[in-house]
Amino acid sequence: MMAKIEDGTCDNHPNKPKIASVFLLLCIYRLANAWLIRTQFDPDEYWQTLEPSYCLAFGSPQNQLRDSDVEPGYGCALTWEWTRRWTPSNDALENRMPVFLLQAMHGPIRSHVSILPTYWYYLACRRFFEWAERSSYAYLKHFVHRNATYMISKGPMFLHALTIAAPADLSLWLIALRLEKLEYKNGKSGSLAFWSLFLSMTSWFNGYALIRTYANGFETVCLALGIVLLGPELFGKSPNNDTKQHSLRAKLAFVLGGLSACVRFTALAAWIPLGLMVTIRSKDVYRTLFGLCSLYGAAGVGLGCCIDRVMYGFWAIPFLGNFHFNVVLGLGSLYGTHPFLWYIYAGIPAICGATLIPFLMEIKGLSSSVLWATNRPLDDSTKARIAILGLVIAYTILHSVSGHKEFRFVLPMLPLIIILAGSAMARGLNSNNAAIHKRLTSGAAVAIILLNFPHMFYLAVIHQRGPIAVNQYLTDTITSMMPKQQPINIHYLMGCHSAPLYSHLHIPNVHICAWHLDCSPGCRSRSDIQCESDAFLSDPLAFVVASYSSDGNSQVCDQQEGEQCYLGQQGNKDIPTFVVVMQNEALHIDRRLQELDMRHLVSIKHTIKSLALHQDSKHTCGGAASEEPICRDAYTILSLVDINFDHMFIYSSVSTLGQVEQYI
């Protein structure tokens, strides 16, 4: 039996595949997509989801977001976004404000709502590892020993493929089916849904960013699924004025909107316009605005706050903390700014890729329809597409107000943009001649694949692969030598958050202590303090000399990020087992590290630095000629082109190096 959607979204749609079959196909495709990813896009894909989830499931109690009965042994790393807390002050304005509000505004800015699936997955892994350890089956213990690191580091992305990426694709297809039915009222089958789904599956940005463990992915699927649930209210033939009670699916949609706002308060830029559209189409405006949109949106926010109360151990309202930090204090600009129109001329065109041209064609067509609307009424299909375009415009304008902009911030709009582009493709490639239609369709499909897949493959497999490859090399090395002396200390002397930590360093029964340079707002916002990351990048040698002493003790910061952590604070860390550093900085500190009894272990390609015509000359590192370079940064193709790579270096203590060489 064909699956059906309420209000006839898919009823009587000829040759319609079963929804379950389409979802299964999407799950398989997105799992393959997740498997392909070998690179890092942005550190937030780890620090917003994997690291806090790992802290809750595996981390030592004293370092966790809340108390638990987890036995000490595995590390825990949290950014300031999770550890931000209110501290009483003598400020007169603050003294007149309720303590609860102060705690919320100055508290954490990240919600646990979007990380729950990853946290539950990690809990299941932990239980499985413990059960395997107690098991008498040797092959089970061997399986865990060989695959635990991969399960912890890569498993969440596979989970994300099934719970975020595939449902987002399916929701896009269901929305497109509804629009297709509006456009072909006579029962004739169209290709809008096909092209929308095809564009989504071949979108380079979906394949590169939607599949990753960002909070933006949760916002994307909530919005897409919400529009599916609100289909009759948004795109129905007539407003929902025949019933006094709103349907369960409409209520659920705004609960999702509330949960989405808990994760990122900027999600309101989509859900407020969406609620206004539903309200305007309803005959009972007040009942819809307050009894549906506001009430159930608030219910979603309340549910999210309850989840954070349980996970944090105290009442926290992260979206208020986020609003206070980014809007009231304006500290989001510490992490980069762009002009107001950046999303218009750079952000959206970049994430659209090959979809941009049909999207612009659709905008042109809808603009013409609106201009001629005085002469003839708009049909339901055109009204629906104008509503979707209006949502994209509103979201983009509201996000443009903030100075801090990123490509992934407009990810929730990509499914809607793709639907509009799919509509333009369906009409533009339509032909009464079957042979011509087949050639046009095949040619367009091949062109889209060729315009999307090559650079998606490059970004997914080659560009910025260093952080993942470095941690994989470290875990493989540590696993092979199974050191008796623990903990294993790893220092990342790179820009802050340049690599994932414990979520990619998990080895059963091995205690690893990882440390990275600080760049929290506590130092970035103060002119009298230089962040550790800035101090190191400005003068790597001076930083290493000041931080590590030759007697085996270092003077690096030993405090949790979020507290003031800067060069000059005393620490008690020993010279680490491993040091990870970028190629350019390694050239400055190599001699000093050797004086500290550390030796270069391996160089790992990070990203392509440049392309040049092949020259028969010695390969160099960092532009400095060397008789015995410790890395080979140029690779020749057919003796014609030299590909120059930037590298990440791993240094090892002399004692550890001997153990490593024994097992290599």
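Glycine too: its Cβ is placed from the backbone N, Cα and C atoms.
Listed in TrEMBL:
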TRANSMEM  157-177  transmembrane segment
TRANSMEM  189-207  transmembrane segment
TRANSMEM  252-274  transmembrane segment
TRANSMEM  286-307  transmembrane segment
TRANSMEM  314-336  transmembrane segment
TRANSMEM  342-363  transmembrane segment
TRANSMEM  384-401  transmembrane segment
TRANSMEM  407-428  transmembrane segment
TRANSMEM  440-461  transmembrane segment
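Sequence-distant contacts of the transmembrane segment (384-401), counting only residues of its own chain at least 6 positions beyond either end whose CB sits under 8 Å from a CB of the stretch, comprise 178-179, 182, 234-235, 266, 269-270, 273-274, 277, 340-344, 348, 362-363, 366, 369-370, 378, 409-410, 412-413, 416-417, 419-420, 423. Taking Cβ pairs closer than 8 Å, the transmembrane segment (314-336) reaches residues 84, 100-101, 103-111, 261-265, 301, 305, 308, 402-404, 521, 524-525 in its own chain, all 6 or more past its ends. 252-274 is the stretch from 189-207, 252-274, 407-428, 440-461 with the greatest number of Cβ pairs below 8 Å to the transmembrane segment (286-307). Taking Cβ pairs closer than 8 Å, the transmembrane segment (189-207) reaches residues 13-15, 22, 26, 29, 33, 36, 165, 168-169, 172-173, 175-177, 179-180, 183, 350-355, 407, 411, 414-415, 418-419, 421-423, 425-426, 429-430, 441, 445, 448-449, 452-453, 455-456, 459-460 in its own chain, all 6 or more past its ends. Same-chain residues lying 6 or more positions outside the transmembrane segment (157-177) and placing a CB less than 8 Å from one of its CB atoms are 5, 9-10, 13, 16, 19, 22-23, 26-27, 29-31, 33-35, 37, 117-118, 121, 192-193, 196-197, 200-201, 206, 210-213, 217-218, 220-221, 224-225, 227-228, 231, 415, 418-419, 422. Tertiary neighbourhood of the transmembrane segment (252-274): same-chain residues 111, 113-114, 215-216, 218-219, 222-223, 225-227, 229-230, 234, 292-293, 295-305, 307-308, 318-320, 322-323, 390-391, 394-395, 398-399, 402, 409, 412-413, selected by CB-CB distance under 8 Å and a gap of 6+ residues from either end.
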